[in-house]
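So that you can see what the record holds, here are the features copied from TrEMBL:
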type	residues	note
COMPBIAS	1212-1221	compositional bias 'Basic and acidic residues'
COMPBIAS	1241-1254	compositional bias 'Polar residues'
DOMAIN	602-767	domain 'SSD'
REGION	1212-1260	region 'Disordered'
SIGNAL	1-19	signal peptide
TRANSMEM	282-308	transmembrane segment
TRANSMEM	349-370	transmembrane segment
TRANSMEM	603-624	transmembrane segment
TRANSMEM	636-660	transmembrane segment
TRANSMEM	666-689	transmembrane segment
TRANSMEM	709-736	transmembrane segment
TRANSMEM	742-767	transmembrane segment
TRANSMEM	1042-1062	transmembrane segment
TRANSMEM	1068-1090	transmembrane segment
TRANSMEM	1097-1119	transmembrane segment
TRANSMEM	1139-1159	transmembrane segment
TRANSMEM	1171-1194	transmembrane segment
Amino acid sequence: MMRLAALVIFINIVSLSEAQHEPGYCVFYDECGRNPLLNNTLIDPIVPCLNYTRAKLVTGDHYKILKQVCPMFDQGESSTYACCTIKQLGSLEKSLTLSKAVLVRCPSCAYNFAHLHCINTCSPNQSQTVKVTRVMNVTEQNRTREAVLGYQAFIGKTFADTSFQSCKNVRIPATIGGYAIATMCGRYGSKLCTPQRWYDFQGDSSNGLAPLDIDFKIIQEGDTTGLPEGVIPYNGVALMCNETTPTGGDVCSCQDCQESCPSVLPPSPVAGPFTLLGTNGYLVISIILLILLILSFVLYLSVSWWVASQKNKKKGIHRGKEVTCAETNSLAAQAYLSSQFRIWGTIMASYPLTVLLLSLIVVAVLSVGLKDIKLTTDPVELWSAPNSRARQEKEFHDTYFDPFYRTNQVILTAPGRKSHIYDSLLFGPQNFSGIMSKELIIELLELQTRIQFWSDDLNRTASLKDVCFAPLNPNNPSLTDCAVNSLPQYFQNTFIKKNCNQHHITDLGMSCMADYGAPVFPFLAVGGYEDDAFSSAEAFILTFSLNNYARSDPKFKVAMQWEKEFLKIVQEYQKDPKNSFTFAYMAERSLEDEINRTTAEDIPIFMISYAVIFVYIAVALGEHSSWKRLLVDSKFLVGLGGILVVACSVLASMGFYSWIGIPSSLVILQVVPFLVLAVGADNIFIFVLEYQRDVRRPHETREEQIGRVLGNVAPSMLLCSLSESVCFFLGALSTMPAVKSFALYAALAVLMDFALQMTAFVALLSLDARRQDNNRCELLCCIKVSKQRPKKPNKGFLMPFMKKYYAPVLLHRYTRIIVYFEVGVPVYFVTKKGFNFTSVEGMNAVCSSVGCDQFSLTQKIQYATNYPERSYVAIPANSWVDDFIDWLNPQSKCCRLYTNGPNVGHFCPANESGLICAKRCLARPDNDTVRPTVAQFNRYLPDFLTNRPDLQCSKGGLGAYDKAVVRDESGEIIASRFMAYHTPLTNSQEFTAALKMARELADKITQGMRLVPGTSPDFEVFPYTITYVFYEQYLTIVNEGLFNISLCLLPTFVVCCLLLGLDLRSGLLNLLTIVMIVVDTVGVMTLWSIDYNAVALINLVTAVGISVEFVSHMTRSFALSTKPTRVERAIEATAKMGSAVFAGVAMTNLPGIIVLAFAKAQLIQIFFFRLNLVITLLGMAHGLIFLPVVLSYFGPGVNKAVLLQFQQEKEKDREKAETNSHTRQVYDNISYEGNEIKQDPYSNTVDESGSKTVGKTDRL
């Protein structure tokens, strides 16, 4: 037996050595049967017979088939020779068909690819380019012949390189920017592929396509080293990708061939930063403006000093003829408001219990609406207006294409594990990180397996397969159909695979596809690497993709429950001390969960904040004249009442809007109480402190005193509350839902707070004053103290401090001057109804393969990817139109029709035998440019969209495109989408710029497609990705902010002017200070890394409201003062009203704000602690420092009408004092009351309306 084998080998060697390499001869001819060494191949591995013979003349059908498969040999029917039979041509065509399915987009590439294999198989000079290296006896149909199992093919370098260059840029649209060469270069992929590696893969019989081993030898021209005698490397003409083929094929498109690209002007360079004199231009302009402002101010001081020195001061009583109409109007307005509020306050104080009861009923009725309250937690509903472009585009996309799928991800690292170097024979030394170990990969597989099957523990029949994204089996998925991406998916989630199917094409007998049939992209399986060094990755990534559903869909709850269980399992695994990973994980619901969690955890922080504010108010409102009267003079119940008034106003506002169906949000629950508390506390302090500083007049009841005090301060309270409320009502014109709802809730809450202060709080103060007058302890009303209340008014600590120290120092002539100048996600391009995809012009305006327009939809996206730093588009779009055309191409076997059996005439998938599916859907065109007719387009599109891709036909649309095309009942395409990828986006600026550039690109595409005949004039293409609805606000937020803040500023000016009797100067200074507070707040936001977004805008609108409290009270107090100079009036306003504002606004807000610094939620820390702290400090600085100074320079002159009234009343008081003095002298002769000093209620007091009375203190 051994002798027989040796004899066979000897004969083979002799026969191979006797073969001559000469023109006109073949080395193999005809087919001998299957290669006995190969199994599980994609096509039958039919091998040729060893046959050293002359090339055969081909005629008839043989000639026609040769001309179709290998047209480069055509010399005419009577002159064409070849070394292949009709059977060989059939096998060659079948083999080429699989490769042409991905190469046919570029006719010259497909031609060159076929050219090479035709030379090896059919060349009449085959013996000159081929050397057989291995033969074996093969028995087929009881006939044994020598079959060729391996040979060397010699090709010239020019031919090899040109062929490779023509194919290296051909794309596969469905893979989103992937290259066809990547599937034809084995382990090297597209980036490391070279001509030699490309040919080596084609000649490797383990690839499932090559029926035998071919050793390609690329020979440099002129180099004969090592060439067998007589061998001439084939160096025929290979076509470049921008050349037409001899068969009439058009040039390849720009997307597949850079040489075919038209000359496109690069985008204009990005404008550099604005500079002047080599530095920041805005800084230079600011410095110039500052210098001009200083010079103007110095000039103003000089002129003012000169005018004052030349003008004689007029003294004495102002006469009525000197009073202007505006001053008279101002006095009339103040007198009317004071009188009305005095009457109102007296009535409220007279019937306190009735007022409290009625107030409680009104609040209760409005608060009942809270039973219907709806909290908006969906970020889309909060920050994106329903009529905004991004929102409408999202609704259009979600209506036709389903919502974006839900992502659940685990990122695992193994810190501390050392990397190691592996010396690869193919790639050289490769660094493998510590995480790339067999143990950790197995552990990851165990984790993944555990997560896949946890849904069996749910208390319902739902499982992962019920909600998972299953692109290749969406209707009835199994667990293995679910899109789960991870490193073990390279091994189909196991390292031992039995019963391997024919598509397992690696040397390990395993597929490169995931279990669910799609490729596993490295960037979805590992992370923490640079460039393409995947082996050095520092992290494993495990991603579960779930279908998304509308919130009203029952499956939405199933998906949410699945994610809840997912998080539970991962957290349990993370706590296991045996695991070797460090975890980071998230679910689609994580953001919403985190917001709810941190909000719930931070509720105690808010409660502590409000408690601190309450304690401060209760302590600060007390008079504290002595320890014995501590419990009598405290204002614990008044402070509590003030807090309850704020709470009731917020509840009433929320209840009312709940009645009418306007939803609330967590932002409203957190911001509105803070705002109303700031406003309410200020008014409470102004009212209570004014009452404490006042002395009851003779024959005046307690209720009348409260009414008179309310008449003094209520106009100021009305000024602020009305300004803020109108401000917020106008702010409701905002297009942002969160801002709009906040403005509505805040406006009504401020109004309700003012109304309750004018009613319930006045009544509460009346009850408390009655208690205090009776010397009863607070909380322990039955206990009375013997220590009597002092007769003199209580000025507290702040007012004397402000009057004696702060105001004089601040308004010193030098201090005034100093103060005045201290200063990769996927992106879809979605088409709407109105474009005719079925016409040739329509297809050409969209596609990017051969014959397509150079500026088609997909081609414009391709051009954008050439400048990713400007366009933010990294990968070209996939295109169902391109793949549909390729799928129809008769050179592939994707679209065929049954010719036998019960389904004759119907679509036949590529995995069916050619014996029963012998007919192509389309005939082969003359110029290789395939375009279906309208009827063919409509007939075969559904088949394409439901055809599962496989290695027989990779162009099937199921998974990639089945949800990318939406047709109506008539078959018209009413929506479609083309998916590209953005560059990695890391911050709001990049997300916003990406949205802006994508819209610009989509607008250009729209304009181009509208030029196609038959296109509707309202046809539109728009970009969409899930983040656009959140970042669209940044495109308009500057204008939105200016609009909203301007609307808020307008009523502050108008109301101030009106309530001060058309005092324009006071209104302008009031407005200027508020604008400065807002502008400075924005400046500090930049310095303190507080992003400007919708939440910040809400706080800026709030800043306007709080600024009104800091500013308007002071402005009104200054305008109504009767002191002779501006400096004196500024001192009086600062001492009297500044102390109340400081105690009521600044000191009320600051303790509560500081507590928020301990909140866990970043949202609260940044936008509530930082921003509110900035607003309060800046408001205090401008209201108590800048405003008094600017009023001392530019404030309105003394109101002569008020001054005249004051002087007239002073004269009356003098006369009355003389009368009283005479009366007391008579009285002294009758009785003696002792040496008691009494404070005359008319001695040197200035009420808030500006009227001043003069009296004197006598010793009786």
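Each Cβ is built from the backbone N, Cα and C atoms, and glycine gets one as well.
From a predicted model like this one, the values you see are computed outputs, not experimental measurements.
Long-range contacts of the transmembrane segment (709-736) within its own chain (CB-CB distance under 8 A, at least 6 residues past either end) are made by residues 334, 337-342, 344-345, 383-385, 387-388, 679, 682-683, 686-687, 690-691, 694, 742-744, 746-748, 750-751, 753-754, 757-758, 762, 1033, 1036, 1040, 1043-1044, 1047-1052, 1055-1056, 1059-1060, 1094, 1097, 1101, 1104-1105, 1108-1109, 1112-1113, 1116-1117, 1137, 1247-1249. Between the transmembrane segment (1042-1062) and the transmembrane segment (1097-1119) there are 3 or more Cβ pairs closer than 8 Å, counting only residues 6 or more apart in sequence, so the two stretches are in contact. Sequence-distant residue pairs (6 or more apart) of the transmembrane segment (349-370) and the transmembrane segment (742-767) include at least 3 whose Cβ atoms are under 8 Å, placing the two stretches in contact. Sequence-distant contacts of the transmembrane segment (1171-1194) (same chain, six or more residues past either end, CB-CB distance under 8 Å): 300, 674, 807, 810-811, 816, 819-820, 1065, 1069, 1072-1073, 1076-1077, 1080-1081, 1084-1085, 1088, 1090, 1096, 1099, 1102-1103, 1106-1107, 1109-1111, 1114-1115, 1118, 1126-1127, 1129-1131, 1133-1134, 1138, 1141-1142, 1145-1146, 1149-1150, 1153-1154, 1156. Here the transmembrane segment (603-624) sits apart from the transmembrane segment (282-308); fewer than 3 CB pairs are under 8 Å, leaving out pairs fewer than 6 apart in sequence. Taking every recorded stretch in 666-689, 742-767, 1068-1090, 1097-1119 and counting its Cβ pairs under 8 Å to the transmembrane segment (1139-1159), the highest total belongs to 666-689. In summary, the transmembrane segment (742-767) lies against the transmembrane segment (1097-1119): three or more C-beta pairs, each 6 or more positions apart in sequence, are under 8 Å. Segment contact is absent for the transmembrane segment (1097-1119) and the transmembrane segment (282-308), given fewer than three CB pairs below 8 angstroms at sequence separation of 6 or more. Note on the domain 'SSD' (602-767): mean pLDDT across this stretch is 81.
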